[in-house]
Amino acid sequence: MASSTLVSASAEIPPTPLPGGGAWSRLRRRPGFLIAAFVAALMSAMAAVPQAFAGWFGAGDPRACDLVRSAQPPTAGHPFGFDVQGCDLYSTVVYGTRSSVVVAVLATAGMLVIAVVLGSLAGYHRGWADAVIGRVMDVFFGFPALVGMIVILQTLSVRNEVTVAAVLVLFGWPPLARVMRGSVLAVAGSEYVAAARGVGARTGRVLLRHVLPNSFGPVAVLTGLNIGLVISSESALTFLGVGLRTPAISWGVQLNTAQQYFTTAPHLLIFPSLFLSVTVLGFVLLGDALRDAFDPRTR
Amino acid sequence: MGPYVLRRVLMAIPVLLGTTFVIYLAVYALPGDPIQALAGPNQVISPSVAQALRERFHLDQPLVVQYGLYLRGLLGGDLGTSFTGRPVTEIIAASWPVTAQLGGTAWIIMAVAGVALGVVAAVRRGAADAAVLFGTTLALGVPFFVVAYVTQIVFGVQLGWLPVSGVEAGWPLAYILPGLVLALSGLPQVARLTRTSVLDGLAADHVETAVAKGLTGTAVLFRHVVRNSLIPVVSLLGVSLGYLLGGTVLVEGIFNLPGLGYQIYTAIPQHDGPVVVGIGTMLVLVFLSVNLLVDLLYGVLDPRIRLG
């Protein structure tokens, strides 16, 4: 036990995985970071408890619709106007946050799991595992991902948050796995790992106790960026008609409907795209700030 | 160089086989009957006709046999026949120019504007730098189909400057808006990489020497800074060409341009497997060749890099 604490205290940790004082103070100095963190937190809160936000202007139920008011522009009490079904657009847009964030969190979690497992396999064991995983990644890198996602989503009979996230994972893991492989490769060559192996620790223990905690940083830092990109992809797929479908309340579905009415009722297009853009921007900026603060190469 | 190219080509073969097989598997696992889709929903087809069509397209064979037959055709340059009877090579020949013009336009906009913005941001610093950073972040964050609709509404419908759909207006008019939208998907990365790279270049010792021996600012900038700094940018520009081709599916759909992406997109709901697989194979082939070309070009631009 003494040897393991000794080796993990070694100063050979390549990229800083934990927010040390330096990274945090660098983060706080960036003006974009606080705004981005606020937007990301607000959108996550909206996804978790939409009912707390939807009722701010009086009409809180996205399913309480009145066809008479179909596609009417904004009025008092309904700041975003009404959608084609005559539902309050503000509350539907607020509720739409949930499916975007749920897909993004599910997909990012899935990509992280695959990236960590395959990345450490390839980076730690090298040899044939590395070769096979490398070729599989090449297949996905050499693939027009959008085309692949459209084809597979068309074949699925059930398209909900889980299946859409699964398809996004299928095509989205390779870049993360490549980063993970690189950092495992760097950590596996360091002295404390050799020391751990030297005192007789089994492979599983070396991986879990020494390699993974020290190599997870660079991938973890990409999470924010990835969430932003996944939200953007999900809305694009849904917008194309191969993602989530109508009983689901989602920005992609709203934008898909809005495109037929964009000359007569532009508010149908404006408000969902505004929420979508601000959310994606928030997560991308947050990811950018985190990467800049933690990535030693960009300092 | 020779052995390197050979090895890269050999390495591309399993990738090509893997990707085509994945597309093949996905397309032919599609639920629904392509022959029924061909006849139209709720149409009655006589069993003998359906059987004849199935045999003609080898749909009665196991999937692996179908894939083998497909590969054999592919080696001879035959991509099969669409279920509508048109050879896939003919469809590709007809729609390829649209995609090439769209991709080319977008690529040129991306390269020129990206490099220019990056150089200006690095040299001017201050407000210009902040503006470029802000703009590229915005372009990175706003989903590009939203940008597509905004540009369609503003420049197409309200100002009436440019056509919003179709290719009747020809190049360049019909391709400016879609090209711009497609370019925006890669422009931020190009501008940022150029900026970082030029900043590094400005700090180099040989640049200090050039300034010290009395060269003018522009001569230093273009001959000693930008030329060296463009090496990583060229690599990114090459790789982006492949991604631009993938993005054409979305842009061609929104702007109604009858290119490869549009063909693939309309073929999927019709279960027209040969078209999806054929065009998918084409796109992968182009993507792989572009990447190989870029790596070779990299060695030419930067003599320090030895390919081997």
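The backbone N, Cα and C atoms fix where each Cβ goes, glycine too.
According to TrEMBL, the feature transmembrane segment maps to B:9-30 (among others).
Look at TrEMBL and you will find B:96-294 tagged as domain 'ABC transmembrane type-1'.
Under the heading transmembrane segment, TrEMBL lists B:104-123 (among others).
Same-chain residues lying 6 or more positions outside the transmembrane segment (B:130-157) and placing a CB less than 8 Å from one of its CB atoms are 117-118, 120-121, 163-164, 177-178, 180-182, 184-185, 187-188, 191-192, 195, 247, 250-251, 254-255. Summarising the annotation, TrEMBL assigns transmembrane segment to B:130-157 (among others).
Beyond the transmembrane segment (B:169-187), the same-chain residues lying 6 or more positions past its ends with a Cβ under 8 Å from any Cβ of the stretch are 101-103, 105-110, 113-114, 117, 136, 139, 144, 147-148, 151-152, 155-156, 162-163, 240, 243-244, 247-248, 251-252, 254-255, 257. The feature transmembrane segment is assigned by TrEMBL to B:169-187 (among others).
When Cβ-Cβ distances below 8 Å are used as the criterion, the transmembrane segment (B:230-255) is approached by residues 98-99, 102-103, 106-107, 110-111, 114-115, 118, 144-145, 148-149, 152, 164-166, 177-178, 181-183, 185-186, 189-190, 193-194, 197, 261-262, 264-265, 283, 286-287, 290-291, 293-294, 297-298, 301-302 of the same chain, each at least six residues removed from its ends. According to TrEMBL, the transmembrane segment annotation covers B:230-255 (among others).
According to TrEMBL, the transmembrane segment annotation covers B:275-301 (among others).
Counting same-chain residues at least six beyond the ends of the transmembrane segment (B:275-301), those with a Cβ under 8 angstroms from any Cβ of the stretch are 1, 5, 8-9, 12, 15-16, 19-20, 23-24, 27, 70, 74, 79-80, 82, 88-89, 91-92, 230-231, 234-235, 237-239, 241-242, 245-246, 260, 263-264, 267-268, 307.
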